[in-house]
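**Student:** Below, the features straight out of TrEMBL:
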- 16-106: domain 'Endoplasmic reticulum vesicle transporter N-terminal' (DOMAIN)
- 116-280: domain 'Endoplasmic reticulum vesicle transporter C-terminal' (DOMAIN)
- 31-50: transmembrane segment (TRANSMEM)
- 258-279: transmembrane segment (TRANSMEM)
C-alpha cells in the first residue's frame, strides 16, 4: 500500500510540473472560421519555411576592406595576362618592354608570349603572360625592340584582355578584373601614344572550405597624345603605368549556421500559431457577442 501511495504522489508531482496542460476535447468548440485560419496558417508556415530553407542552402558573399599584402607567398610578384591587337603594325616590330622602380628594365620580353599575324601579315596580335614586381612601374607595347625603327608606326589597337593574378570567376562577385577588356582605339590618331594609368587593388576570395584565391582588380584612366622632343617626334607606344593600392578587398563565402536556421523555423512556427490563435480568439469572441446582442433584440 505504501508503494502504491508513493507512486501516486510521484505521479501527482510530475503532473504539477507539466506546463503543457491538455484541454479535454469535449470542452473545445470547432468553428469554420478557426478551420479557415488554420489552413491559412499552415500555408503561411510552409511558405516561410521554404523561403528560409532556400536561404540556408544558398551561400552569401561578404566583403571587407583591410590594409595588408594578402599574398605574401608570391615572392613580391604579380602575374599579368595581356592580349592586344595592332591591326596595322607588323609582328616583327611589336615588342613588350617592362620597367619598374626596383631597377628592372627589360626590352623585348619574349618569355610566354606569342605573336599572331593579322590582315595578311600587316597586323599583329600579341598574347603574353609575364610577372611584375609589387612596386610602381610600367610595361608598354612598342617598336623599341625592333632592329630597325619604322618611320610612322601605327599604334591603333584593340585590347582584348588585361588581367592580374589568378582568374576569378564567381557569379556573385562583380569586379573590375578585366577593366580594359574591349577597349577600342582603332579610330584614334595612328601616330599617337596611349597612356593607361592603372590603380591595382589586391583582391582575395575565400570559399566555404577556407581555400583562398588571389586576384587583382584595377581602375584605369587613359590619355592619348603625340609626343615631341628637341630632336623631333618621339616614337609612339602603348603605356600601361601601374601602382598598387594599400587597401585589400576580401570576399568571403559564407552559409547561414544550422542553429540559426532551426531558431528561425521555431520562431516562424510558434509566432504564426500564436498570432493565428489571437486572431481566431478575437473573431470568435466578437461573433459570440454579436449573437448575444441579436438574441437580446429578439427577446
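Note that Cβ sites are derived from N, Cα and C of the backbone, with glycine treated the same way.
Give me the local environment of each listed feature.
**Tutor:** Across the domain 'Endoplasmic reticulum vesicle transporter N-terminal' (16-106), mean pLDDT in this model comes to 83.
Counting only same-chain residues 6+ beyond the ends of the transmembrane segment (31-50), those with a CB under 8 A from a CB of the stretch are 265, 268-269, 272-273, 276, 279-280, 283-284, 287.
Within its own chain, the transmembrane segment (258-279) is flanked in space by residues 37-38, 40-41, 44-45, 48-49, 52-53, 56, which lie at least six positions past its ends and keep a Cβ under 8 Å from the stretch.
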**Student:** Using DSSP, what's the helix, strand and coil tally for the domain 'Endoplasmic reticulum vesicle transporter N-terminal' (16-106)?
**Tutor:** 33 helix, 26 strand, 32 coil
